[in-house]
Amino acid sequence: MWLDLLKRKKERKKERKTFLRCIIRYYGLYFSTLYILPFKISGSIREFLMFLKKVSNAHHSCISLIRIQFRWVKDGVEFDPSKDPELSVSRDSGTFSLTAKDGPIHQYQGRYNCYASNVLGTAVSNEARIVTENTPTLQKEKKVSKKVEEGESVVLPCNPPNSTVAPVIHWMDKKLRHIQQNERVIQGRDGNLYFSHVTEADSRDDYTCNTQFPSARIIVLKEPIKLTVVPSNSVVRNRRPQMMRPTGPSSSYLVLSGQNLDLECIAQGLPSPKIQWIRKDGVLSESRTSKDSYDRVLRFKNISVSDSGEYQCTATNLQGIITHTYSVTVEAAPFWTKEPKSQLYSPGETVKLECKADGIPSPEVTWSINGNLLTDPRRSVKHGVLTLKNVELSDTAVYQCKAVNKHSSILINAYVYVIELPPQILTEDGVMYSVAEGQMIELACETFGSPRPNVTWEGETWGALVANPRMSQLLDGSLQISNASLNDSGQYTCTVSNSRITITAELDVLNKTVIVKPPLALRIQRGKPATLTCEYQVDSRQDAPQVQWRKNLQKLTESSDSDKYMIDESTLIIPDVKEEDEGTYTCEVITTLDIAEASGSITVVDRPDPPTQIQMTEPKDRSVTLSWTPGDDHNSPVLEYLIEFEETEYERKEWEELSRVSGNSQRTTLSLKPFLSYRFRVIAINDIGKSDPSMYTDVISTPAAQNIVRSFNGPGFEYKVMWRKVLGSGPSWHIKSIKSPPLIITDVGNFSAFEIKVQAVNEMGEGPEPKSTIGYSGEDYPLEAPLNVGVDLISSTAIKVVWAPIKRETVRGRLQGYKISLMYYGPESRREHVREGKPSNISFVMTDSNEEMKVLGDLLPYSHYALSVSVINNKGEGPQSDPLTFHTPEGVPGPPSSLLLDSPSETEMILHWTPPSQPNGILKGYILRYQQVDKEDNPMQVEKNIDHGVSHVSLKLDPHSRYRFYLRGYTSLGEGLPIIREGATTLDGVPPSNISLSTGETSVNLTWVSKERQRNVGFFIHYLKKDGTWKHSERVNSSQSFYTLRGLQSGSEYRLKIDFKNKTLWEDEIQTAGASNHKTVRKGFVTESWFIGLISALVLLLLVLLILCFIKRSKGGKYSVKEKEEGQIDSEARPMNNEGFGEYRCGEEKRTASQPSLCEDSKLCNDDALDDYANSNSVQTEVIMDESLASQSSGVRDVPDPGTQESSPLNPATPGQHRDQTWIHILAQD
């Protein structure tokens, strides 16, 4: 192909054609609308097709032809193509064409607008632009020859001819074979050929850059370039990466929304660097970007505003890394968000044409009429809305709305036709409609006329349909039926008011599709099969439905080349469940009329991961505390932890069970035996099984017991300790003899491996040759943080964190794992938290030492996060990597925060709500569903889509039913969880009729029980005294439940009643208590003064006797005053007894001359008489006091055995028990 093009290049003449097409087609009808629409784009020339849009139907006949006039405007100046001899103009349209063989065409470059006019107005086209340029040619250039040393980098230039159209570039050899490209050799976007480093095989003299311009059908061949690679005289040294294209630390790019963008990252180095891309201010979307040219190019197709931000390319090899930051700014040319609609109007109406546009920067919106500025004061523009007041026939015109920003402009025509026409129904008569039960259906009745005709609908059995709350008439005359029921089937008639024009429509309501057995929530072990079933029921009059399965809202398909999913009608089978199969599975049964869906889930469970970070703390002679960090439980909670130990001094090493603790524990204290060396490991256990064992701990040795006596087979026993470094110390050993362990060796470095032997020696000679063991010196904090930390988005609540493995020499200890610090800044709408650097929550995730990737879940959707990664060894945590910010995409919202029900009438319910506290994205609106709950198997009645700015809605309901309401928000990802409320409308209230009465002397209490669901109502209580006039109380509310009617006369008879709406609802008669004014009551002796005085004297005498008895009991006792004074003890040590009045019984008191007994003279003071006051507490008090005195006088306390005491704040450990953990402990045992 290339050879043929090169041959034809020499034979072909230069020929260029340019067309601007402006065509009008007209159908002569009652009215016509004039439009100009883009037709075709060829190269840089935009062609336009202009025609009259047919608005009426075939029933309207043609009246006459309207002549169309065309004119062109070039760069704001009138341009007549018919006066240019080089241009040819079409007779039936405004199209002109140019055919230029050899002459210049630069004079035609410019911006063009086409105007098409008739008696109804003038339409204007969008702007077309003609750009002209010379045919690209090869400039004379010198031959290029490059000579470089092996291992160096080099760039072979291409320098293609300048053109507004990007050429297609190929690097070839003299035989027209492509130069092979790879990570080392790559072609840049500028056409140059880049070598990160060269080898001797790169030497050749025919590197040729071929430049192809497809639109001009030419190929420009460049001069061949000679590259000579000289072998190096020494060993080729590796080199750190350096940026070749682009240069410098950063670069900026401005691109328009919808265009494509390539970010290029070409680096030199030896060996060839690896390229990695990340988004610095968020997550790099894999769905919106792709990588090309061996990851050297990050490509955006159809870029959007959300792609604005900072991106980073990292080039890495064994010698180091280099980065380059790309600042991408995405702006947008104007685009319509709301277009004006062409319409018919009758004289005297007010016309509003809405025109809204958006872009970056925001465009300016202007209006014109027939291509001219607006001058009539009846035409006003505000916020992009053109208002025409009291329109006349002369206002018939084409109105242009134009939006302009710095990038481009757009224009749209809207036709206003002011006319008076007779009414017509455009919808066909006898249309048959079908709908599933519970769905919404619209019966069309499209009308035509000026002024706009009014229509009415009637049903076969319903009559007028306006009063039916489920049926409403739309602005275009259609009848909308919500929550269709089987009873809605039948014939409907649409009639134009004040005329005999009618059509009929037939409606057939079918049973809705129902899922009778939905998928279940399964818990499946990894590797086992999972089966989800979805049984359904469909109306027999419908065709067989389609069953669609979705996983996390994404469609699932059965592929012939994969056995991942097996779908058999309503059954989904996953033969081999893996972690990625976890999620929500939805079954959709799709018919031509409705969709039924139900969801189940799969949770993958498995054995737990082994615990990590096993640490020993608080070491003592006979115990140690072991702590650990739980591993992933794989969705099955850990039931218990098994702690195993190994005695290291025996050659036969076996792990034995030491202890078990509950699954919610993360530490335990272990009891140890004397003179043994231990190490431990931990195993987690859940319902699935045991985890793998954790990493074992360092060795801990317990001292010998004091009562152990050993024979060493001879005098002069001692230990010969030998040690040397495992690496770099040679065959020599360091030797030291000690009498007893341990031996502490200092200045040995951090985490160095030593070979250690201990041999028993006495005066008779050395014992058997010991086996060596490996020990390590203490650890230090890690030096560096992990490199190349990146984040990959999995879902709105999960991410995958990746990082490069850490260099082992920087760990300075045993690598225990990595620590991920996750910082939460808040939802996407609160970006100031990120700028202020104040996370509202920080969480940590630990990994194993062999992990270089971790999946983090339970994130909040549509939120800002940042994370960093650090290294962990036994000493602690190293420095953290630079924080990497990202934000999670949208998810489904949580339930609305509140839902309140308010019923202003018997048939109306108003629902008030507040937005969800966790919108998890941009809230698009709400979906309200409700159904009757007091009828069995009642389907969901109504479904409404509500705008996100609305916070209440009014419903017409059945006053005799109770309803359950489901309100949920939705984002672009779908519906969220609902908030559910039950309620019923409030019935019109009436005053109570079931009243209970309670009378007093001057008042009466009225009580009643308010009826449920009844509205509060006010009423008056009327009352009449015999021989009096009717009076009434203040206004009473039925919700009070009681009322006290005051101001009555004692001993009088009254008649009470409650009237409501001219009816007596309740009536009763009462008589107040007390004496009336005309009657006297005979007094009894109870009210006489002498009787009251007698009773008072008796009560006072009884009280005096009781007081004397109490005084006597409080002064009696076993001991004299002197004995009590001598026997006093510290009041703080004396137990108190407050359970009785006194300490002694009367029968046991010790009499003295100054203390006579009251018991001899008074019978009131015996035990029987005082049983109600003192009961038996005096005996109990005596016993308690004697025991306490005995314990104090003995002076003997229990002292714990010092051998059993443990370390505590009150009993500190013996000095020397704790050793520095960074030293080497060497313990010997014979």
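We count from 1, first residue shown onward.
Every residue, even glycine, has its Cβ placed from backbone N, Cα and C.
What TrEMBL lists as domain 'Ig-like' is 68-132, 136-219, 241-329, 334-413, 423-504, 512-603. Feature annotation from TrEMBL assigns domain 'Fibronectin type-III' to 610-705, 785-891, 895-989, 991-1075. If you look up TrEMBL, you'll see 1190-1221 marked as region 'Disordered'. The transmembrane segment annotation in TrEMBL covers 18-37, 1090-1111.
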According to DSSP, how is the domain 'Fibronectin type-III' (991-1075) divided among helix, strand and coil residues?
3 helix, 42 strand, 40 coil
Are the domain 'Fibronectin type-III' (785-891) and the domain 'Fibronectin type-III' (610-705) close enough that 3 or more Cβ pairs fall under 8 Å, when only pairs 6 or more apart in sequence count?
yes
What is the three-state DSSP composition of the domain 'Ig-like' (68-132), stated as helix, strand and coil residue counts?
6 helix, 34 strand, 25 coil
Roughly where does the domain 'Ig-like' (136-219) sit in mean pLDDT, to the nearest integer?
89
Under the DSSP assignment, what numbers of helix, strand and coil residues are found in the domain 'Fibronectin type-III' (785-891)?
8 helix, 50 strand, 49 coil
Can you see whether the domain 'Ig-like' (241-329) and the domain 'Fibronectin type-III' (991-1075) are touching - at least 3 CB pairs under 8 angstroms, only pairs 6 or more apart in sequence?
no
Would you list the DSSP helix, strand and coil counts for the residues of the domain 'Fibronectin type-III' (895-989)?
0 helix, 55 strand, 40 coil
When secondary structure is assigned with DSSP, how many helix, strand and coil residues does the domain 'Ig-like' (423-504) contain?
3 helix, 39 strand, 40 coil
